[in-house]
């Protein structure tokens, strides 16, 4: 499914099989009646292929948008979420190389249709755990009744007092431009769908929403992550239908014979070649094709330009996949935004910038007729400038939220180091509090407390979302007030300066995404021009396989593992095993997330530079060889002409030696 759409269209439309004994008497310019069936079926194929790319991109985009939702719903760390995200690509490891190799020789539309069915069923299966698990239970403080002064969150230490449970929970062109453009639109709708589902409570339709005491802005909120997978899976299954109605091949109109091979390409690839096609009347045999697999693979990896570009792309996609996977999480944790808003801005602002960059790169390549070396330079320049702009994001971060005992002391001063006992202070020493509980409240002093008990709150008023905690001794201590103070359910919002930083972050992120994506089409052209035409489909398959296996699978995993090291407060499950992270160190998170992305980007730039030098070296060498061969041919021709002239003179009857000299 990930093989180039250009190759799909080219191989599908090629008349590669002709019955034995049947001669072709078609004229060079077929009549309109002859062209209509072919063009009609080709348009159907293009439309169906575009819809498949849209469905696939929609599912992948939606998966990225649900990372934080899945993490909270199943109470798992980021490293495990990275494994789940990477497993989305594992299926490609098993089939993509063989599909790309055999697909060009077999019934390609039906192979695509079968792939859509498998992908659609797999997408539907992702949502199944929601229907077999108990309802989501989030940590919260739950007073017994709606009356004021109901109970004391701070249980005073006495002989009859019992410790609070560890976790207290409650229920709540019409060509390759066409197809690639649609593939870019897919993630936009994927993230927008993720934004919509994130606003809906995870158990919508199963519980009474009036009893839910948290809002989408609450860090414990989990949206209806499963709903989008049902929608994406149904769309993918629908996309498979047209391919079962298409023929194996279509005759190519004679007036549209492929004459797009550039002179630069013919100069770079000097070997004579013919289009790969099955001889007339002879069916492709699996064993014969299998015997050519290893020699074809050796030929690809023996091409230094292809191999270096493959390495550069793999490293760069490690950077990009890791960055995109955890970008919603980064926006939530760094700038205090909700999951819905994070997905919305990515889908509506960031991805369109990527689409515009890819389109701009294609326009530049076409308008200026850039050579293969020019494409390599544009690819390198795009990466270099993009990662240079990316450096500025290090300065656009927000400071840690003020959380008593985690980022600041209970007196309001900055903590030097964090340890478990830092959650306890003199102001809550008389309370029987659990250090593992995470039921954040916001004090009127602007400081967040891990729980009402740790804030030293004595009484409550109201219920649910309007619960107010009164007589909180720790709140009054940090506020430097005499007496007690109040707090309310939920974490305190970050200051106004962080909101401005978020706007600056969006602007730089959009420009960076556009700049990096400008090199997409030049890199794709470089890939196609540096290999022999008969190996294009196979080369694209190996390229996609390498990118997904060596970048799509591992990058979310090690990004997640490193991000987990910045966690300040872990949640705990009922079995007391570690759950998901409740609070991150914003500075450490920013340095790990941006630093790892930048480091991988710099590595890809060095490899791209090696591609350019290797390409230049090979081009100059082949060009010299061509010039030497041409000069030798010209000298040989001149000598033959001179010999022929001498022979003609000798054969003339009135010729004698020295005649020209005497004359």
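Cβ coordinates come from backbone N, Cα and C, glycine included.
TrEMBL: automatically predicted annotations, no manual curation.
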Ranges 147-171, 222-246, 247-271: which does TrEMBL label transmembrane segment?
222-246
Per TrEMBL, which of 40-59, 60-79, 80-99 is transmembrane segment?
80-99
Where TrEMBL places transmembrane segment among the ranges 444-467, 468-491, 540-563:
540-563
Segment assigned the feature transmembrane segment in TrEMBL (from 376-396, 397-417):
376-396
Among the residue ranges 2-20, 21-39, 287-305, 306-324, I'd like the one that TrEMBL describes as transmembrane segment.
306-324
Which range wins on Cβ pairs under 8 Å with the transmembrane segment (178-202): 111-132, 306-324, 344-364, 376-396, 540-563?
344-364
Same-chain residues near the transmembrane segment (501-528), Cβ under 8 Å, at least 6 residues beyond its ends:
4, 6, 305-306, 309, 313, 320, 331, 335, 337, 345, 349-351, 353-358, 360-362, 364-365, 370, 372, 374-376, 378-383, 385-387, 389-390, 392-393, 396-398, 536, 539-540, 543, 611, 615
Could you tell me whether the transmembrane segment (222-246) and the transmembrane segment (540-563) are in contact, taking contact to mean 3+ Cβ pairs under 8 Å with a sequence separation of 6 or more?
no
In this predicted model, what is the average pLDDT of the domain 'Kazal-like' (421-476)?
84
Mind checking how the domain 'Kazal-like' (421-476) divides into helix, strand and coil residues in DSSP?
13 helix, 14 strand, 29 coil
